[in-house]
Amino acid sequence: MEKISVAVRFRPPTTAAPAADQSPSSTGGDREWRVDDDTRITLLHRSAPVPGASFAFDHVFDGAATNERIYGVLVRSLIRAAVDGFNGTAFAYGQTSSGKTFTMNGSGDHPGIIPLAVRDVFDTAREVSDREFLIRVSYMEIYNEEINDLLTLGSEKLPIHESLERGVYVSGLREEIVNSAEQVFKLLELGEERIAKTGAGGVRLKEGKHINKSLMILGNVINKLSENGKQRGHIPYRDSKLTRILQPALGGNAKTSIICTAAPEEIHVEETRGTLQFASRAKCVSNCAQVNEILTDAALLKRQKQEIEELRKKLQGSHSEVLEQVILKQRNDMHKSELERDRLAMELDEERRLRETLEHRLAEQQKMLDGISNTSISPDQFTDSIQFESLKTPTSKERPAEFVASRANYSKDVEFSPIPENLGTVADEDLWMQLNKGCVTDLEMLEMTPGFKCATSLADDKASVATPDEEPIDARCQRLEKDCTADRQQLEDSKAWRAALEEERDTLKRENSSLLDALAKARQDADRLVADRLEALRELDMEKSRMDELKQEIKLFSQAFSLRQGQLTSLYTKSKAIVENCKTSQLALP
């Protein structure tokens, strides 16, 4: 909680006065205002203080004070606080022709609080290197209890809303993003062309009524806020648009400075007294300003980094450099372990893909071997030991069972199987009759092997049954078997390497887990050190408080001792005087 900063400014008198003295006391007449020590002002009547007419404030400025000085004392701190995230409000209050417009707007040679604050906002933002700022400006007026946006052409009356995120705000108010003070001044100039001004009959009276109502409600709000908490009743913020908009600045979440302007002439004494009474009540109002922030992921990450840096500084301040080095080393080791784990995971994936490729190659080669085994003919079936892959009998048509001609039983014996000595290239009817002992059958029903060649022709076609690359089948089989053996050995080696990598990965996981445990323990130690340091600071503060109390008691005892000593000295002096008087009386007796 902090009090509202309240200052009073007297404008220079309008009557003729010596140039060297422009204080409120130089206005002539029976009653005048006197400024004491720049913090107190008193009403004098014929140079004598008027009872109940002395007021104390944070600052009191006479007619010689400049706008720049007033800004530096009251408003510059608000700009710094606004850049740091606080709400800031500065407004002027006073009677007509007391200097409000000059104080806020100024003139060409003497800029007021508004232009000085605008330039200071951008200058302060440029000085902050660790943050970025988005500056927006809006401009509105309250005219006859209606809110008008001075940056738009429309005449729509804007309502006042309230939310948990934004607090009290004017809905629909245009906000312009600006990058320089000159852009702000152009917008303010544009708004000054659109301020509602009218001289129609009866309108001025209506304006005066609304203005008086707003000021009266503002005074009531200040009165309620200045009362004690137990006696404070309902605060009528909603009775006026002005007080509703100023609600955060009056007893809310803001840092507030009020500049009360006053006229020094005797004719304005009562109006000035009312202004000073308002300022006195406003000085009793307390606000509770808090930093406004919206946390995004990036902002949260930035805050965590700042907290880590602050913790590191605290650790360094607690003489824990060794622990800091241990934490840093463990953090680096953990980072290396994570990188090694990622590398092993990538190698495992590569090994898995390689193993799948090898298995696929082995399967393809096994299929090729199976195909060669199925299509090959044993060499001992023929006298020339030639493999006849092309001699396989083509698929014949299905025939009824009674198609096959039966032989005699003795034909099963080799001795009784007459084989002709000479074989032609084509089986004819005479050959069939010789093989079947004269049994006649219908040769048209049989499906003979076409183009059956004898041994003499098979030797000539040896090259035609070889592999397409003219590699012998045996050599090819041996080569494929060697390839399969090598691939199997490579697969076994890959499996062994994978097992070793998995074991190394598990080892790194265990080391990572131990590092995390050590880091957690180190953090606990750091937290314990910070807690011990805070406890030591609290004990130190308590000792300081006890020392201050002891000093206060010693001071009180000294004061009491000095008072007692003074009393004893006075008593001794009086006693001595009495004794001297008695001696003098005795000497004077005859």
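Cβ coordinates are placed from backbone N, Cα and C, and glycine is handled just like the others.
Here's what TrEMBL has on this protein:
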BINDING   G94, Q95, T96, S97, S98, G99, K100, T101  ATP binding site
COILED    291-375  coiled coil
COILED    491-560  coiled coil
COMPBIAS  12-27  compositional bias 'Low complexity'
DOMAIN    3-285  domain 'Kinesin motor'
REGION    12-33  region 'Disordered'
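Residues G94, Q95, T96, S97, S98, G99, K100, T101 make up the record's ATP site, and a Cβ search at 8 Å around their centroid adds R11, A92, T261, A263 from the same chain. Counting other CB atoms no more than 10 Å from each candidate's CB, the binding-site residues T96, S97, S98, T101 peak at S98. Within the group of binding-site residues (G94, G99), the Cβ with the highest number of other Cβ atoms inside 10 Å belongs to G94. Looking just at the coiled coil (291-375), the mean pLDDT is 72. The Cβ of K100 (ATP binding site) lies under 8 Å from the Cβ of A92, Y93, G94, T261, each of these being in the same chain and 6 or more residues away along the sequence.
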